[in-house]
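Trainee: Here you go, one structure.
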Amino acid sequence: MGIATVNPTTGLTEKEFEPHSSEEVQARIAESAGAAARLRATTYEQRAAWMLAAAEILADEANSLAELITVEMGKPIAQSVAEVQKSAKAMRYYAENAEAFLADSPLQDPAAVGASQAWTRYEPLGAVLAVMPWNYPLWQVIRFAAPALMAGNSGLLKHASNVPQAAIYLDTLFERGGFPAGSFRTLLIGGGEVADVLADPRVKAVTLTGSEPAGRSVASIAADHVKKAVLELGGSDPFIVMPTADIAEAAATAVRARINNNGQSCIAGKRFIVHTDVYDAFAAEFAQRMADLVVGDPLDPQTEVGPLATRSGRDELAELVEDARDRGAQILAGGTIPDSKGFFYAPTVVAGLTDDMRLVQEEAFGPVASLYRANDREEALRIANQTSFGLSSAVWTRDAAEEEWFLQNLEAGAVFINGMTVSYQELPFGGIKRSGFGRELAAEGIREFCNLKTVWKA
Ligand code: NDP
């Protein structure tokens, strides 16, 4: 399949798009580089006014845009509306905070370096390429674009090929807010075209959210050209439940952590590691709640779990479960492909996992939860850290010493205590190990695509 909207609820192709020709791609890169030069000369105040205007447009169009998101990738409509609102909020946040995040920082004791004054300042890099996934077709892009544009960079978007209408919407959004033409441009191209775009000297840096193979490829091309790269490559986050936790609350939250976005979130809790003293109670409650979820048409407000975004994604998820089942795992809920059109998979809980099962190492990108029993906190930690990913994690405990111990020892970019991982614009977001490098959001996110210039004055 090329660049097309395939409705995952029906399996039908709704709209196909011609990829941009190489001439068109060249023209768009030139426009982006030109816009970067113009943006550099604008003030924070000016860019903030444009960003706030674009946020207003987005918020005003929330309902139609949400429907488009749901038709293109299948998330329940209320979650699509929430995604649009969250994106508008992040645009306002960076409009209001970018100047403070990037303010000059003076050295307190310039005499120590033989200067009368010394300070640092952040400057934009220029045109930045964003290779983005389909799971949050708006939010993933905005959390790059809002800080990048507020810093004075321009953005070039290579969106996932299955969300072209979201990509086309984003192509004009910032211009409609008042940004100079070309400040943000969509490239309708396949993954194979990214290397040439990234090699172009007018493109200064790249950010990618997606799978490990895509990230590895893009980062190595960036390295060949000595360009900055930020990678966000997903995770297999642990959700640890210890005996002092409120088990009912932990189980209810675990379900939301697993099935939000139809289970296709990098920061979803995917491996539920439960202390043996509370394992049976948690497993019963969790499996029942997963089995009770309403699966169906994501445009129906009653639906809690819609289809997977693509047929291949659904089939790969089913293979992971089959592999575990074949090797002796127990299926406590789901484990089936419903007999319906579209790319559905039943919310599933798998227990009795052993290290030879693919589910132990690979990311389950859909509504499939892995359940582990741990005899003590050391075993819980070993299971939590045995994955090659290190994005986020969650720990449920009311024991302060235990909390601190997990905080110190979990190999992850974030730890959420007695809650589930959520991305907040105010908090840095990113991982370690094979989840990638660099940070998005908060002050750290906007600084990734800036030149931190050191100034020394005699
Ligand atoms: P991909 O990584 O293939 O797609 C993400 C983006 O990268 C898309 O824009 C894609 O373009 C592009 N891309 C893919 N390969 C390359 C490449 N070699 N060079 C440059 N760009 C490339 O994700 P999938 O959609 O195939 O999903 C596969 C798995 O990735 C999921 O099951 C999940 O494990 C993980 N994933 C993680 C996400 C996250 O939030 N961290 C989001 C999405 C997926 P195109 O669509 O044209 O191929």
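Glycine is no exception: its Cβ is also placed from the backbone N, Cα and C atoms.
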Trainee: Can you dig out which of the ranges 1-20, 201-220, 421-440 TrEMBL describes as region 'Disordered'?
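Mentor: Here TrEMBL associates region 'Disordered' with the stretch 1-20.
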Trainee: For the domain 'Aldehyde dehydrogenase' (3-455), report the average pLDDT of the model, please.
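Mentor: That stretch averages a pLDDT of 98.
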Trainee: Counting by DSSP secondary structure, give me helix, strand and coil numbers for the region 'Disordered' (1-20).
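Mentor: Here the numbers are 0 helix, 11 strand, 9 coil.
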